[in-house]
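Below is one structure, written out as structure tokens; comments come after it.
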Amino acid sequence: MTRAERKRQHINHALSIGQKRETGLDDITFVHVSLPDLALEQVDISTKIGELSSSSPIFINAMTGGGGKLTYEINKSLARAASQAGIPLAVGSQMSALKDPSERLSYEIVRKENPNGLIFANLGSEATAAQAKEAVEMIGANALQIHLNVIQEIVMPEGDRSFSGALKRIEQICSRVSVPVIVKEVGFGMSKASAGKLYEAGAAAVDIGGYGGTNFSKIENLRRQRQISFFNSWGISTAASLAEIRSEFPASTMIASGGLQDALDVAKAIALGASCTGMAGHFLKALTDSGEEGLLEEIQLILEELKLIMTVLGARTIADLQKAPLVIKGETHHWLTERGVNTSSYSVR
């Protein structure tokens, strides 16, 4: 099977499997504010991702590319919607285009359709610094995502089986590319120990890619004759990943992704410490179900509803929202307690 065929399978399986509410964000409840002393028109949702400034705290996270006409059309529509909404956009892994120049167009279309927007390049941790530079140049990227997908590779029938040297390669990439490097998980979450190693290696931000969104173990298992089903429930939830990393690295930049589906999810993720939030599966479904116009409407709706939530919480800025008091309960509370995180630090701030 070619890489392009595999990418098309990934898209179809991602849409058929969908997402479940297993992000841990349902364990998070905001403390109501009866006197917010704020007007909706005062709310400012601009944010920073490391040194990058963005007018939006949500972006279209990495999905696809290198799968021929199908992924070309998807990326074209995503780029148009991102441009019109004024939000950043990440492309899927560009390794296919580095290995097969005929696939470059499915990535280059993103910059063509969105000449002035924030665009993130994307490669796996097997990439070299030279490949990283080429990926950035290919689409005139403002940042580079390096994705960590160990579980996906292990379950993938033709996937990698060696993950040695990944941190060293990431460190080399961080020191040699001219744009900020974001290291991201792909739906299995991230621990504070892993995040610490990545910050030390030079990552400008980590995208925690929490459990509860698109499940690449399930996707790859659908492609196997004999399934490795125990990996389908493997990972750290989005909420738990955010809270435990923030407890250890309060001044470092985190991005939240992994099953976010609406403005309340976005608000909770930011209150748990994220500077920005990425959505992939939710936006892909919106595009598939309702077309480009429907996707744009969904993005705009989430941004408007986020402003409403910030208004009732009295949070004028994203920095204010990051300090909004909240209560953590259930399985997320249990996980964090066992991991040595004092959850009351969120409720009494």
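Quick reminder: no glycine exception, Cβ is built from N, Cα and C everywhere.
FMN is bound by A62, M63, T64, S93, N122, K184, G258, G259, A280, G281 in Swiss-Prot, and the record lists one more residue there from T47, T128, T214, T288, which is T214. In the three-state DSSP classification, T214 (FMN binding site) falls within coil. T214 (FMN binding site) sits 11 Å from Q152 (substrate binding site), taking the Cα positions as reference. Across the fold, the C-alpha of G259 (FMN binding site) and the C-alpha of Q152 (substrate binding site) stand 17 Å from each other. The CA atom of E153 (Mg(2+) binding site) is located 17 Å away from the CA atom of A62 (FMN binding site).
Other Cβ atoms within 10 Å of the Cβ of Q152 (substrate binding site) number 22 in total over all chains.
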